[in-house]
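TrEMBL has this to say about the protein:
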TRANSMEM  29-48  transmembrane segment
TRANSMEM  57-79  transmembrane segment
TRANSMEM  91-118  transmembrane segment
TRANSMEM  130-152  transmembrane segment
TRANSMEM  217-239  transmembrane segment
TRANSMEM  251-271  transmembrane segment
TRANSMEM  277-298  transmembrane segment
Amino acid sequence: MDALVLLIFCFLFGMLARKLELLPSSTPMVLNGFIINLSMPAITFYYIHKMQFDTSLLFPVFMPWIHFGLAFFLFRFIAKRMNYDKKTTGAIILTAGLGNTSFVGFPLITAYFGAEYLGVGVLVDQPGTFLVLSTLGIATAAIYSSGAISAMGLLKKVFTFPPFQAMLLAVLLRSFEIPEYAQLSMKTLGLTITPLAMVSVGYQLKFVKSPGIIKKLFFGLGYKLFLAPAFFYLLYVVIMRGSGINMQVTLFEAAMAPMITAGIVSIQYGLDEELAVMMLGVGIPLSLLTAPVWHYLLSGV
């Protein structure tokens with residue numbers, strides 16, 4: 001409960017700081033840079049290095065890939081029926097197909113399951129969500145805009161991302177003992193993700209209005225917050241008989257809000273900016289309300 005209160009407080013402070021100009025406009029850039037270059041690599045290394053790997057951990061890794069694939073085909077179909085242009089189609093695929101499994105997901109995992117289960121979140125986020133964004137996500141953005149990206153460009157984006165580098169290093173050093181003081185330092189540094197990420201998210205939220213936006217949000221957020229996690233419950237629990245806390249965390253991550261970076265990529269590639277912003281602006285606060293519902297529903301898994 002303490003972690004959840006901290007999460008909400010930091011989120012509201014971020015919104016207030018922007019409105020009252022308590023912090024400079026560069027605040028999100030600085031906070032995000034700190035998180036990506038220090039906090040996330042630290043927590044990634046800490047949990048991946050000590051995690052005991054088994055076949056059950058394939059569930060969190062594959063979830064974001066299946067999630068994005070479903071979104072791609074579903075929204076291509078909806079776009080044809082609704083006569084959406086390419087920019088709208090690309091934006092909704094990216095923002096509905098990729099979840100905020102780190103900046104929002106990690107704090108919520110800490111709040112509802114405990115920090116000891118962040119390792120599952122890291123598996124969802126690094127070889128899952130981040131790799132999807134860096135490969136299929138960037139390719140989708142390029143297809144639905146006038147831009148393009150080379151195979152070497154994709155590889156560079158993947159292998160120069162600090163948390164991904166930390167994950168590879170943790171795997172390579174699994175047979176080596178890490179001093180306790182170093183482990184404690186990494187864990188402490190990693191725990192800064194919760195307050196910093198939620199201040200950053202709150203600060204960046206914007207709300208805009210345009211014709212037809214409500215229906216687009218209904219489709220996008222309906223899939224992201226409700227349909228997708230329900231699908232994975234059916235696939236992973238009912239059909240594949242998965243169970244346990246790791247499975248609960250995996251399904252919980254499937255119900256996260258749209259990924260901030262996916263929205264940023266949408267904007268950078270000239271896709272539907274208003275839709276991308278609103279998917280984040282409505283989806284993130286709404287996910288704070290739907291998350292406890294999913295936590296309750298998944299408690300028996």
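Cβ atoms here come from the backbone N, Cα and C positions, even for glycine.
Please treat TrEMBL annotations as automatic predictions, because they have not gone through curation.
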Whether the transmembrane segment (57-79) meets the transmembrane segment (29-48): three or more C-beta pairs under 8 angstroms: no
Same-chain residues near the transmembrane segment (130-152), Cβ under 8 Å, at least 6 residues beyond its ends: 64-65, 67-69, 72, 86-87, 89-91, 93-94, 97-98, 158, 161, 163-164, 259, 261-262, 265-266, 268-271
Contact set, same chain, for the transmembrane segment (91-118): CB under 8 Å, 6 or more residues outside the stretch: 1, 3-4, 6-7, 35, 40, 43, 47, 64, 67-68, 70-72, 75-76, 79, 84, 124-125, 128-129, 132-133, 137, 140-141, 144, 163, 190-191, 193-194, 197-198, 200-201, 216, 219-221, 223-224, 245-246, 248-249, 252-263, 265-266, 271-273, 275-276, 279-280, 283-284, 287, 291-292, 295
Distal contacts, the transmembrane segment (251-271) - CB-CB under 8 A, six or more residues away: 60, 63, 67, 87-88, 90-91, 94-101, 103-105, 108-109, 112-113, 120-121, 124-125, 129, 133, 137-138, 141-142, 144-147, 201, 204, 220-221, 224-226, 228-229, 232-233, 236-237, 277, 279-280, 283-284, 286-287, 290-291, 294-295, 298, 301
Proximity of the transmembrane segment (217-239) to the transmembrane segment (29-48), 3+ C-beta pairs under 8 angstroms: no
